[in-house]
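J.: Let me give you the structure first, and then I'll get to my questions.
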Amino acid sequence: MEKKAFRQQQIQRLSQMTAEERVAQNLSLQNQLFTSTAWQQAQIVAITISSAIEVDTRPFVKRAWDEGKTVVIPKTLPHRQMAFYPYTDASQLTRTKFGILEPADGTPVAKQAIDLILVPGLGYSRTECARIGFGGGYYDRYLADFTGVKLTLAYRQMVFDHPEWPVDEFDILLDQLLVAKDDNNEHN
Ligand SMILES: Nc1nc2c(c(=O)[nH]1)N(C=O)[C@@H](CNc1ccc(C(=O)N[C@@H](CCC(=O)O)C(=O)O)cc1)CN2
Ligand SMILES: Nc1ncnc2c1ncn2[C@@H]1O[C@H](COP(=O)(O)OP(=O)(O)OP(=O)(O)O)[C@@H](O)[C@H]1O
């Protein structure tokens, strides 16, 4: 399947998740993230402001603040570039024409200062940790020379054994993929 068709299929699947299923999978992901070495060792963490179909990132932001970590969030720039700006409870956000919340102003942090990036997306493969996002190519460009940890948190609906979309040479592979556990299992 082409990337574009695969994205549309994933957006459709994710839109159909029930509120209960989202809650259960989000709780599993929070448990896995907060106990991970990557999280515990990070001082500066890059997080997105999630939209409705994405993994809920608000608990990640709150926990990071509680633990004294610095949170940075992306702002899209011309030429499909992206920069990360510090995010606090005093930050002003603006909504882009694609409906995504971004910092209104501020000073970007240097890429080398970021320890951990929680990478958003629509689909991932378990074997090679390939990723497909919303199609802007923003993260592929940004991550090309990023040396910290690239970690993704995924609903089960986002995960495939092998990529069911074409993987291009510019697609950046993730370092770690955390997948929500089955919500019938209490050891999540
Ligand atoms: N919550 C969240 N924030 C995020 C991302 C994300 O995936 N999730 N991003 C992750 O990258 C960046 C924004 N991603 C974007 C991805 C695509 C387009 C865009 O231009 N879409 C066009 C089609 C693009 C194309 O196919 O050429 C469109 O919808 O018409 C805009 C922003 C930064 N912030
Ligand atoms: N390192 C790069 N340099 C130049 N162009 C790039 C690079 N990475 C990706 N692109 C371009 O960006 C476009 C979108 O890439 P792709 O379809 O892989 O997006 P995506 O990974 O799904 O999106 P995103 O990273 O924003 O979540 C492609 O047309 C590709 O040519």
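Even glycines carry a Cβ here, placed using N, Cα and C.
TrEMBL feature annotations, pasted as is:
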BINDING   K3, K4, A5, F6, R7, R131, I132, G133, F134, G135, G136, G137, Y138, Y139  ATP binding site
BINDING   I49, E54  substrate binding site
J.: Anything from the binding-site residues K3, I132, F134, G136, Y138 with its Cβ under 6 A from ligand 1? List those in sequence order.
T.: F134, G136, Y138
J.: Can you check which residue among the binding-site residues A5, I49, I132 has the largest number of Cβ atoms within 10 Å of its own?
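T.: Most Cβ neighbours within 10 Å: I132.
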J.: Measuring Cβ to any atom of ligand 2 with a strict under-6 Å cutoff, which of the binding-site residues K3, R7, I49, I132, F134 qualify?
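T.: K3, I132, F134, in sequence order.
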J.: In sequence order, which same-chain residues at least six apart have a C-beta under 8 angstroms from R7 (ATP binding site)?
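T.: Long-range Cβ contacts: L122, I132, F134, G135.
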J.: Fill in the CA-CA distance, G136 (ATP binding site) to E54 (substrate binding site), as an integer in Å.
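T.: About 16 Å separate the Cα atoms of these two residues.
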J.: In three-state terms from DSSP, label E54 (substrate binding site) for me.
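T.: In the DSSP reduction, E54 (substrate binding site) maps to coil.
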J.: Rounded to the nearest angstrom, how far is the Cα of Y138 (ATP binding site) from the Cα of I49 (substrate binding site)?
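T.: Here the two Cα atoms lie 15 Å apart.
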J.: If you measure every Cα to Cα distance among K3, K4, A5, F6, R7, R131, I132, G133, F134, G135, G136, G137, Y138, Y139, the residues said to bind ATP, what is the biggest one in Å?
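T.: Greatest Cα separation within the listed binding residues comes to 20 Å.
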J.: Between Y138 (ATP binding site) and E54 (substrate binding site), how many Å separate their Cα atoms?
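T.: About 17 Å separate the Cα atoms of these two residues.
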